[in-house]
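The next block holds one structure in the form of structure tokens; read it before the comments.
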Amino acid sequence: MGNFRTAFNSFAGRHGMGVALFVAIAVAAWVILLIVLPQLSMLDYSFRHNLPASQIGGPDDTYTLENYRYFMFGNDDGLNTLDIGILLRTLIAAVFVTILDVMICYPIAFILAHSASGVSARLMVIGLIIPFWVNEILRAFAFRVLFGATGLINSVGLGMGLWDAPVDFIRADVALYSGLAYAYILLMIFPIYNAVEALDRAQIEAARDMGAPWWRVHWRIVLPIAKPGIASGATMVFMLTSGALAAPQILGGPSSLWFTQVIYQWFNQSSNWQRGSAYAVILLLVCIAFVTLMMRVFKVSVGEIGK
Amino acid sequence: MRNRTVLLDHVSIRFGDFTAVDNANLKIDSGEFFSFLGPSGCGKTTLLRCISGFSDPTEGKVLIGGKDMKGVGPNKRPTALIFQHLALFPLMSVAENIAFPLEVRGASKKDRRKRADELLDMIALPGIGDKKVSELSGGQKQRVAIARALAVEPDILLLDEPLSALDLKLRQHMRAELRAIQQRVGVTFIYITHDQGEALTMSDRVAVMNSGVIEQVGAPNVIYNAPRTAFVASFVGENNAISGKVAGQTEGMVTLNTPVGPVSGRAAGGRKYKPGEQCSLFIRPEQLTLTGEAGPNTISATLRSQAFEGASTHLLADCAGTRLRLSQINTGAAAAPLAPGAALTLAFAPEHATVLPAGPMASE
Ligand SMILES: Nc1ncnc2c1ncn2[C@@H]1O[C@H](COP(=O)(O)OP(=O)(O)OP(=O)(O)O)[C@@H](O)[C@H]1O
Ligand SMILES: [Mg+2]
């Protein structure tokens, strides 16, 4: 709280009390109205019974752990392998997509920061950004078309004789992973670019002068500098991928359900907002726990990500 | 010691139409402290990068130890380059920085640490191996960069204005330090600078460069006392330039007709001048004296300003549009200061002045 007060005072000193008050109130309203209150009501929901409207506020409307118990154990008392399995699969898939994005975006960001010059760098950035003017649903359907049984990739593959029956990329989740990996590519490239750009080219040349091959230059010089960027990009991509709904809905194979789709079903098909809320809270907590764990493992602090 | 002579054989380096280095011919001996001195943008870094292997000459050859270095990468040459801004790795400790070349060669962790500690002793900074680079002072970083470059015992150390980021005091201290390190390890130092003080105090020999051309190569005292071009005369040390046409030459002495009157000086390198040839006579401020009577080799000038500097007094005078600077040793007797506008008669001995063909001069 002391920190906030000194920050406020120095801000007020610089911009005047009126401006400072406005900013403070606007930020507080933003945080409380749009972030804290909805999440709190979700949390509250998740601990309640799914009651008909007439009984809400009545004697049966008590707090309960039933929704969380249901996630763990289902209707009977065996482990709820279905939902837990879907959650695990979602997390693993999100990790996979995140790693894929790191592998695609690190070279792009490095080239953008250090090899591309002037016009070609600008063209690269434009080429990366413009496709995102197309909205998410349309992009997902475009991937469906691309990867479909009669889609471009199958036609080319068949035409060139690379394979002789249409490959079902949708069922194999190739379309889903490609779509998700592409969806958040910018959120990975720009933090890495930001971090890598600060690198002095002479350091790379110095390492080369000392005989380091390119992979060691990257491993020892570039990657450590890129690490905070990779961490912040990976956090965003992981969180957004595990929370994605449209892409799994459109591109997912018939057998693979994303955990968000389960949440969606509780809210919509089953009209059980309480259980849906509990599932959403579980997803959020598990993701936060996982990200925190990974930051421990890779020795990244939250402060570094904020840079 | 192995023969690691560096030979530049008709080396030219061009970027498109622009010639950054023009026909450099030069031999640098093993164990020499050799400096390239020249103003900013004259092609020093370009030439050094060519010696270190980051670029190849457009024309001509670079030979090290008699071997043509064409196509030999920077990592394969017996050189180590210290960059203009040092390029220490900020995320590694000091010891890791110094031992990085050994890490590249697959040395064990223990050997690396041992060598790093040895080198830290050598640069007189023992026990800082575990510090971060950001915790070092400018001079310490400087020495760590040298230690890192020496880790795998290169035969030739290339230094690109390594002191330019330091403040004056430290720079002067580091000159002596660098020279001492060079003499201790016996490695060839090829040193780039635009600071003549650095070049003259540290080097065995200096090459003065201007606009891509090596104007003169020689020991510091030769460069200072016997410049061979107008550029060298005007760039190295303070000098007065008086331009005019050759009136006549007797043996080693040339007389010029100039706006300030007829003056004579030595013909540089025993060169023969044609009558009427456009030339410049150079005379150092400390060789100009104030005299009572007019005579041969005297100039009547008007005093513009004077500045008392303790050991000496600097006078600025003017004669027919030619600016002349004098530096007079203070003898201790309190002479009455001259008033600006006072008429002066300046004199100099012809053997202290140098006559050189007219050419580009260093801008102030
Ligand atoms: N890659 C390049 N492409 C085009 N021109 C270049 C290139 N590198 C250097 N130059 C030009 O070559 C000339 C010499 O540059 P160089 O860096 O060698 O100067 P320098 O003597 O090291 O100067 P400084 O003391 O400022 O470091 C400059 O005019 C520069 O603009
Ligand atoms: Mg330079």
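Every residue, even glycine, has its Cβ placed from backbone N, Cα and C.
Predicted automatically and left uncurated, TrEMBL annotations should be read as such.
Look at TrEMBL and you will find A:87-294 tagged as domain 'ABC transmembrane type-1'.
As annotated by TrEMBL, transmembrane segment applies to A:20-40 (among others). Here the transmembrane segment (A:20-40) has long-range neighbours at 8, 11-12, meaning same-chain residues at least 6 beyond its ends whose C-beta is under 8 angstroms from one of its own.
A Cβ distance under 8 Å defines the sequence-distant neighbours of the transmembrane segment (A:86-109), meaning residues of its chain 6+ beyond its ends; these are 124, 128, 173, 176-177, 180-181, 184-185, 188-190, 192-193, 196, 226, 229-230, 233-234, 237-238, 241-242, 256-260, 262, 282-283, 286-287, 290. The transmembrane segment annotation in TrEMBL covers A:86-109 (among others).
For A:115-134 (among others), the entry in TrEMBL reads transmembrane segment.
Residues 134, 169-170, 174-175, 178-179, 182, 250-251 of the same chain lie 6+ residues outside the transmembrane segment (A:141-163) yet bring a C-beta within less than 8 angstroms of a C-beta in it. Positions annotated as transmembrane segment by TrEMBL: A:141-163 (among others).
Sequence annotations record features per position, and here TrEMBL assigns transmembrane segment to A:175-196 (among others).
Under the heading transmembrane segment, TrEMBL lists A:217-240 (among others).
Residues of the same chain lying 6 or more positions beyond the ends of the transmembrane segment (A:279-298) and with a Cβ under 8 Å from any Cβ of it are 42-43, 46, 67-68, 71, 83, 87, 90-91, 227, 231, 234-235, 238-239, 242-243, 259-260, 262-263, 266, 305. Residues annotated as transmembrane segment in TrEMBL: A:279-298 (among others).
Only residues 6 or more beyond the boundaries of the transmembrane segment (A:175-196), in the same chain, are considered here, and those with a CB under 8 A from a CB of the stretch are 93, 96-97, 100-102, 104-106, 108-110, 112-114, 128-129, 132, 136, 139-140, 143-144, 146-147, 169, 222, 225-230, 232-234, 236-237, 240-241, 244, 247-248, 250-253, 256, 307. Tertiary proximity for the transmembrane segment (A:115-134) is limited to same-chain residues at least six positions away from its ends with a CB under 8 Å from its CB atoms, namely 108, 142, 185-186, 189.
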